[in-house]
Amino acid sequence: MKLTLSWLKDHLDTDEPLEKLADKLTMIGLEVEGIEDKAKVLAPFTIAKVLTAAKHPNADKLQVCTVDVGDGAAPVQVVCGAPNARAGLVTVFAPPGTYIPAKDFTLGIGNIRGVESRGMLCSAAELQISEDHDGIIELPADAPVGAAYAAWAGLGDPVLDINLTPNRQDCAGVHGIARDLAAADMGKFKDPGIKPIKGEFPCPVSVTVEDSTLCPGFALRLVKGVKNGPSPEWLQKRLTAIGLRPINALVDITNYLTFDRSRPLHVFDAAKVKGNLVVRRAKDGETLLALDGRTYTLDSSVCVIADDHGVESLAGIMGGELSGCSAETTDVLIESALWNEINIAQSGRKLGINTDARYRFERGVDPAFMLPGLELATKLVMEFCGGTPSDVVVVGNPFADDKIIDFPLAEVKRLAGIEVSLTEIRRILNHLGFTVVGQAPVVKVAVPSWRSDVHGKADIVEEIVRIVGVDKVPLTPFERGDAPRKPVLTQIQNRTRRAKRALAARGLTEAVTWSFISKPFAEAFGGGQPELALANPIASDLSDMRPSLLPGLIAAAQANADRGSPDLALFEVGQVFKGDRPQDQFMAASGVRRGVASSAGLGRHWSGSAQATALDAKADAFAVLAAAGAPMAGLQIATNKLPAWLHPGRSGAIQIGPQNVLGYFGELHPRVLEQLGADGPLVAFEVILEKIPDPKQRPTRAKPALELSAFHPVSRDFAFIVDRKVAVADIVRAAQGVDKKLITSVSVFDVYEGKGIDPDKKSVAIAVTLQPRDKTMTDQEIEAVAAKIVAEVTKKTGGSLRG
């Protein structure tokens with residue numbers, strides 16, 4: 001939001017210096033991002049007169065001018081290429097050493113085609129005061145030669161640039177900013193009433209609103225017999241100062257009121273409107289040639305203003321070229337309306353149009369100012385262009401319901417920690433437009449129509465505190481009682497942190513990918529349901545919520561491979577989505593390894609290089625589970641009911657019991673890699689952290705006592721012949737279950753298939769460690785345990801001890 005100091009003073013009677021006003025604006029929540037003072041930037045530029053202009057001896061399009069720069073100085077020679085440079089012309093001169101804003105360089109003494117030039121005659125574009133660059137500036141003949149140009153031209157009006165927060169739509173106009181400053185004791189607020197202008201005849205154009213939810217209020221007035229020409233110089237200067245281009249009086253009035261009162265309006269050339277106006281939804285396929293020169297194709301989600309001919313305006317966003325006002329306009333229709341904020345935002349985003357009107361309507365304008373805004377526009381049209389006004393046509397209810405809030409005065413102390421008297425509270429709120437009725441301890445506060453952002457007691461406290469001064473709020477540390485502190489992190493947050501550390505420790509690099517993926521990718525990983533499709537995706541290939549982290553990691557791995565880094569290991573811990581309910585959202589830990597990126601390390605090595613395998617992915621998954629507190633002894637590997645994205649013969653599921661699947665690991669299916677446009681092979685894993693069962697005992701900071709046995713451990717090896725389909729894990733669990741206190745370790749050290757073994761059999765060798773606690777074991781006791789192990793494995797697997 002830009003405004004000039006003189007513009008602000010039209011609404012605020014103040015003598016405060018600019019710097020103090022800017023500081024106060026920032027302190028009350030209207031952050032001043034910058035101040036542009038053209039008088040300082042253009043200080044070196046002076047008014048000069050061209051005495052002679054002769055053709056350059058070595059260039060057809062250049063002239064050698066002698067210039068009177070005033071102050072009794074000798075004439076200066078300047079080489080100029082402007083077509084309008086001529087003797088007797090009064091213009092703007094820049095001496096050597098002057099910084100030229102538009103060209104971003106400092107002028108020096110030049111030599112142009114063999115002729116010395118000791119300065120520059122300037123165009124308006126070079127001074128960045130307009131877009132005119134066709135010739136040098138032409139000033140009146142009586143302009144004082146030698147005087148500072150900026151001071152003479154009235155450019156000493158600083159421009160403030162305010163960064164508005166989305167909730168302060170009332171300050172999208174200079175009037176609202178002045179109101180806030182007046183409440184902060186920076187001056188007296190000027191708020192003259194707006195008198196209705198009596199119509200001289202009935203308006204011949206009627207208005208129909210088909211959907212009042214899109215347009216709660218609409219007002220229209222015809223002004224006949226106008227003479228549309230340039231707007232007054234003061235208005236043109238204000239619009240130019242804030243970056244707008246003056247067009248003609250009718251259009252400039254609407255732009256002025258947009259920034260002055262945050263009241264966007266639109267003007268139609270009445271001669272170009274056919275029949276009556278209808279506010280409706282656009283028909284699919286309808287088009288509009290808009291004022292920006294572009295043709296837009298519309299659909300039924302866009303609200304438009306149409307006549308008998310078709311669409312004439314994008315409601316609340318931009319008017320149409322065919323009904324726009326020009327110098328030939330003699331009858332003008334002035335429109336002032338209220339529009340649905342959400343529809344304006346969605347339509348503007350869909351069409352890719354950003355306008356000052358859209359900016360204000362999508363944040364909400366003052367509904368009570370719809371009719372006064374029309375009256376003020378009518379007054380300015382008649383003042384600048386003449387004409388005779390009609391009666392006003394009003395459709396809908398432009399008035400918002402009164403909002404009354406019961407406000408306990410103690411809320412200021414409770415929420416902000418400062419004491420503010422009722423007298424001061426009344427003063428502040430009254431200056432801001434609120435009405436306060438009643439006495440302590442609870443008063444009733446009526447919210448003004450332009451403050452749609454104020455909904456409750458906390459909002460009123462905010463208004464009081466920002467005017468009193470946020471710097472008045474004391475620094476109050478939180479009280480810390482004697483009770484022990486509760487954990488800051490939830491269990492899932494702890495698991496997330498530990499999983500990240502475990503994977504980083506294994507050499508994987510963390511990646512952060514989009515939560516959105518394309519529909520085909522989502523379907524390949526079990527997603528793609530209609531409820532997971534985005535209503536308004538930011539890109540066509542980011543249309544669905546991800547059911548897995550792996551599509552993003554696979555794409556990242558392939559992108560690195562395409563750029564010369566084929567060997568890498570990536571992981572991510574983030575949300576995945578199985579449905580649209582909160583309970584369908586899970587925290588997953590996933591990773592991929594590609595190329596020579598096994599657990600042993602990345603890239604080639606003197607000792608040999610090995611491609612990453614499913615066992616590397618399994619080790620990564622187990623590292624996550626161990627870090628997250630899973631009961632590792634109870635984990636099982638299953639090879640049935642695997643997801644379609646895994647290779648059926650080189651993958652597995654990690655589960656506890658037959659139902660609770662914690663995750664998957666293995667090599668990705670070649671068909672899925674082809675669908676994702678990735679080169680294989682790739683190995684991957686995914687663990688759902690919420691599926692890990694809670695520990696039976698509450699975690700404690702106290703470490704368990706270290707128990708070391710004084711007796712030697714005993715190790716025994718066993719080899720069993722079992723069917724090939726028997727899982728090795730079944731043998732390990734059977735052996736461990738014989739005596740969980742005595743047996744401290746069971747590990748597999750050999751699996752053999754081949755000569756001497758039946759084709760449908762295999763030999764599995766395990767090492768069992770016994771750790772006595774009370775005494776040294778005798779041979780008989782060892783043999784008894786060994787016999788139990790053989791019997792239990794035989795019973796559970798159907799195998800036999802290998803001879």
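Heads up, the Cβ atoms here are built off N, Cα and C, so glycines get one too.
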Further binder of Mg(2+) named by Swiss-Prot next to ASP459, GLU462, GLU463, taken from the candidates ASP453, ASP471: ASP453
Residue, out of the binding-site residues ASP453, ASP459, GLU462, GLU463, whose Cβ gathers the largest set of other Cβ atoms within 10 Å: GLU463
CB-centroid shell, 8 A cutoff, Mg(2+) site ASP453, ASP459, GLU462, GLU463, site residues removed: ASN167, ARG451, VAL454, ALA458, ILE460, VAL461
For the domain 'B5' (400-475), mean pLDDT (0 to 100): 92
Three-class DSSP secondary structure - ASP459 (Mg(2+) binding site): helix
